[in-house]
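Here the structure comes first, spelled out in structure tokens, and everything after it is commentary.
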Amino acid sequence: MDRPVAAAAAASAASCEGAGGPGPGPGASWRPSRVAGGASASSRHPSIETLDSPTGSHVEWCKQLIAATISSQISGSVTSENVSRDYKALRDGNKLAQMEEAPLFPGESIKAIVKDVIYICPFMGAVSGTLTVTDFKMYFKNVERDPHFVLDVPLGVISRVEKIGAQSHGDNSCGIEIVCKDMRNLRLAYKQEEQRKLGIFENLNKHAFPLSNGQVLFAFNYKEKFPVNGWKVYDPVSEYKRQGLPNESWKISKINSNYEFCDTYPAIIVVPTSVKDDDLSKVAAFRAKGRVPVLSWIHPESQATITRCSQPLVGPNDKRCKEDEKYLQTIMDANAQSHKLTIFDARQNSVADTNKAKGGGYENESAYPNAELIFLEIHNIHVMRESLRKLKEIVYPSIDESHWLSNVDGTHWLEYIRVLLAGAVRIADKIESGKTSVVIHCSDGWDRTSQLTSLAMLMLDSYYRTIKGFEALIEKEWISFGHRFALRVGHGDDNHADADRSPIFLQFIDCVWQMTRQFPSAFEFNELFLITILDHLYSCLFGTFLCNCEQQRIKEDVYTNTISLWSYINSQLDEFSNPFFVNYENHVLYPVASMSHLELWVNYYVRWNPRMRPQMPIHQNLKELLAIKAELQKRVEDLQREMATRTISSSSERGSSPTHSATPVHTSV
């Protein structure tokens with residue numbers, strides 16, 4: 001690889017936090033704030049700069065993974081002296097074997113090693129090297145290039161593995177194509193005798209899809225130690241207490257403590273105080289999957305609430321349930337500042353009508369007095385899956401520059417992001433400006449409903465715009481309320497054509513990224529934080545996104561036998577911090593949901609193309625800015641102390657003269 005291409009290929013995915021003005025950005029409104037409510041062991045992961053050492057840090061490995069390059073472990077900083085030394089060592093077979101060896105996580109084991117494998121890189125051509133398959137990753141390395149070339153792919157990102165012809169590499173060759181969930185495809189070619197001897201295809205299939213082969217996901221074998229326990233990030237009782245709950249209108253209920261009331265809901269829910277358990281059970285019978293309206297968020301002043309649920313089972317004959325009607329009336333009455341209730345149905349009206357014919361449906365306004373029903377016209381999971389497929393086609397491996405804008409438009413991806421953001425803005429505005437309580441549902445209440453509640457809460461509550469607040473938001477609105485991560489992502493499952501797969505959570509994170517672009521100083525986290533979350537949505541390294549609901553996680557011992565992603569992130573917060581962050585606790589954000597204000601997230605969707613990445617990792621520049629900021633703040637504090645000391649000294653010298661206190665120096669850095 002020539003030097004310019006190597007430099008481009010080694011560039012990290014950027015952290016694109018723009019420098020904001022004095023406020024968090026356009027479209028923000030003010031209201032009083034609500035007060036918020038908590039030595040990593042070294043692993044065996046060397047960076048390329050430390051090839052002589054058998055050890056390295058987990059943090060460095062993950063940074064390289066997240067940096068997201070087609071040759072993500074290429075080291076552009078190896079000196080000529082080191083290169084010369086390493087190339088001399090190539091004559092030593094033991095040294096070469098050591099250099100080619102894949103670094104392992106605690107608990108990770110090698111399953112196959114294959115020499116003379118060719119990686120057919122769409123940007124640099126064929127690269128020959130050694131392929132190592134472990135129970136966590138596929139690791140390809142070429143040590144003969146300057147600098148060394150490494151392709152490190154967690155098996156969890158693999159959607160399917162297919163055999164392909166490799167005639168161009170010799171009649172005695174065979175090949176495989178690896179289709180990934182993170183917007184890339186990989187092609188490998190190797191000798192047929194290696195396939196017969198080592199079963200490369202079979203090994204990849206077996207360990208990329210452990211659940212389909214009677215094995216456990218690697219997260220249950222991962223033994224890294226972190227100084228922070230990420231499982232403690234979210235405690236439902238503490239979070240509801242932060243919101244001022246329980247109160248006279250709302251109670252914390254443990255009716256679902258054994259998951260018998262609703263198996264896809266969390267053990268702890270918040271419901272109206274006056275509602276009896278018997279009536280709640282009747283409401284559950286009238287709601288799909290028993291997902292009754294429960295509180296997600298309450299306004300600190302107006303007491304307007306966001307409640308979430310599933311569709312009512314009215315059916316084609318407009319069936320009614322007096323307990324459900326009374327229940328929604330109780331939700332409305334809990335807000336003394338409004339005599340209205342707005343029901344946001346995330347679905348398209350036509351789709352809701354189809355669901356009604358099949359036994360589902362939506363609230364008839366004649367049966368729910370003072371309730372307004374609004375359809376947000378968001379497409380279903382199948383449309384979103386197809387949209388992402390089209391997007392992948394235009395961004396990988398090559399980009400048609402002459403038709404870029406029209407090709408992006410043809411995927412409808414940004415249009416669906418716009419509709420989702422627009423719906424969340426309507427919800428936030430109804431709560432903040434209209435002081436009206438809202439009920440949100442789609443069909444089952446775990447896809448579009450989670451998108452809308454979490455985005456609206458992000459706009460309304462500045463706590464969720466902090467790192468730990470955002471983690472709590474994901475734990476609460478997505479994980480505990482039963483978004484079906486296992487089905488939507490397909491963890492460890494070889495059924496790549498499963499109709500349940502859909503990029504619902506990816507869309508949510510994309511919407512958050514769009515908000516960070518419009519309000520660059522309103523979020524404590526940076527772009528790397530969001531990319532890290534998405535990378536580990538697929539990786540199966542952590543237990544955070546495993547299973548479909550809280551009950552399943554308890555049954556599978558996820559909380560005791562796996563590590564939380566937040567343990568990793570919260571052990572190195574400076575890596576994921578936005579240096580421009582200002583904690584505007586009293587601001588509500590209203591992002592502009594217009595195509596003119598939205599853009600394709602190139603640093604995520606197109607990060608595998610070395611020609612589309614910045615030459616220098618922006619998140620590294622932001623880290624340096626944070627260090628400079630801290631240094632300047634320390635200097636200001638030192639100067640303030642010095643001025644205070646001089647003032648005291650001057651006052652003492654004047655003796656009986658009137659004392660004058662120094663005016664504090666308030667400096668924003």
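Backbone N, Cα and C define each Cβ position, glycine as well.
Lifted from Swiss-Prot, the feature list:
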ACT_SITE  Cys442  active site, phosphocysteine intermediate
BINDING   Ser443, Gly445, Trp446, Asp447, Arg448  phosphate binding site
MOD_RES   Met1  N-acetylmethionine
MOD_RES   Ser47  phosphoserine
MOD_RES   Ser53  phosphoserine
REGION    1-55  region 'Disordered'
REGION    612-669  region 'Required for dimerization'
REGION    644-669  region 'Disordered'
Looking only at DSSP and grouping its letters into three states, which state does Arg448 (phosphate binding site) belong to?
helix
In the same chain, which residues outside the set Ser443, Gly445, Trp446, Asp447, Arg448 have their CB within 8 A of the centroid of the CB atoms that define the phosphate site?
Ser310, Ala346, His441, Cys442, Asp444, Thr449, Ser450
Around the C-beta of Ser443 (phosphate binding site), how many further C-beta atoms are within 10 angstroms, looking at every protein chain?
22
Distant-in-sequence Cβ neighbours of Cys442 (active site, phosphocysteine intermediate), under 8 Å, six or more positions away:
Ser310, Gln311, Asp345, Ala346, Arg347, Ile378, Arg448, Thr449
Just jot down the residues in the same chain as Asp447 (phosphate binding site), at least 6 apart in sequence, with C-beta under 8 A of its C-beta; none if empty.
Ile381, His483, Arg484, Arg488, Ser502, Ile504
Tell me the Cβ neighbour count for Arg448 (phosphate binding site), meaning other Cβ atoms within 10 Å of its Cβ, over all protein chains shown.
28
Sequence-distant neighbours of Gly445 (phosphate binding site) in its chain (C-beta under 8 A, six or more apart):
Ala288, Lys289, Arg291, Arg308, Cys309, Ser310, Gln311, Phe481
Should Cys442 (active site, phosphocysteine intermediate) be counted as helix, strand, or coil on the basis of DSSP?
coil
In sequence order, which residues at least six apart in the same chain have a CB under 8 Å from the CB of Trp446 (phosphate binding site)?
Thr264, Arg291, Phe481, Gly482, His483, Arg484
